[in-house]
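Q: Dropping a structure here in structure tokens format, bear with me for questions.
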Amino acid sequence: MTVNEIDLPPIFCPLESARHPRAHLVDERAREWIRTSPMCTTDEERTWVAASCSTDFFARFAPDAATDDRLLWTSLWVYWGFAFDDHRCDNGPFSNRPAAFSALAGRVQRALEAPSARDESDGFIPALQEIAAQFRSFGTPLQVRRFAAAHRAWLSGVTWQIGNAAAGRMPGLDEYVAMRLLSAGGEPPFAMLELATGLEVPAQDLERPAVRALTEMAIMVAALDNDRHSLRKELARGQTDQNVYSVLMQETGLPLQEAVAAATRLRDRVLLRFMAVHDRVRPGAGLELSTYLQGLRYGIRGNAEWGLRVPRYLSLGRVPDPMDEAPLEWAESPADDDRSAPRGLPTVAWWWDDALLGV
């Protein structure tokens, strides 16, 4: 099936849309930082990094960011993350060498956590350290540690993914879902919600099973949406190694179009469960937790809006196109309104545990 033949259904997402009112001004500062950042070595790289429109992305996650500086530096991590993903994870010299990537990931993570660490071997490392220094300047120690843990989780998932690719191994759907919760990079942006708003969620709230389930479900919905967003570009480039569609095709024998339909049904069932658990948890939440839960909602919707327009996914040429500002079409109802846990996915079946609703 060719790129033009695949039919991607509209996204079901009846959640609130919002964007920080000063996102455009903040992005001007972000792009100036990119122009001088050591993570980019050519003008073409800088152009494609800017084409991720990462301030627009995170301004939709945190439309209530407390200050422009908080939005700037959290958005700059998103710019950094997409660039690192493109040049060190999905492509480049580490993309099929798990041992080499694991060593790089260890150095990157230590540089994030230790302000005294020095490593000039890769331009991404000093760029990340500059961002981390700003996080420490305005975040609480706990917020910074939570972000570091989320960052480590992401790198572990990417290592898992690269290991599969190097071995020519296609995971089953249950394993893929477990891996994608990490490798999709959803943990760091949601951990940055606290850094952006300045509100620290008490540990007894953030670590509650229902809240952890909501965080994981938000990550999974966004991850499956990103598989959708990137499908046409991956088909055009022949890079369909590990996404939800290739996994379903391998496991079930479905053709691509039917795999798209099956993945859409799974995604919508997760979103419906997210909404049900959210509506039980939110009424009793204090300010900090309520703000975080709203951030999860903003993040799901914002990721969908951004992904449907961003040149990172839509541009197939060597030069990115402008941001697509055309009106978006949304599905009016879910592709599957079954409220039970999907079969064959024990790794996430606990999201449907009735105990989560006993808040």
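Glycine is no exception: its Cβ is also placed from the backbone N, Cα and C atoms.
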Q: In Swiss-Prot, which of 85-90, 115-120 is labelled motif 'DDXXXD motif'?
A: 85-90
Q: So what's the mean pLDDT when you look at the motif 'DDXXXD motif' (85-90)?
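A: That region's mean pLDDT is 78.
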Q: ARG180, LYS233, ARG312: which of these binding-site residues has the sparsest Cβ neighbourhood within 10 Å?
A: LYS233
Q: Pull the DSSP breakdown for the motif 'NXXXSXXXE motif' (226-234) and write it out as helix, strand, coil residue counts.
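A: Looking at the motif 'NXXXSXXXE motif' (226-234) with DSSP, the answer is 9 helix, 0 strand, 0 coil.
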Q: Considering only the binding-site residues ASP85, ASN226, SER230, GLU234, which residue has the minimal Cα-Cα separation from TYR313 (substrate binding site)?
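A: Nearest candidate: SER230.
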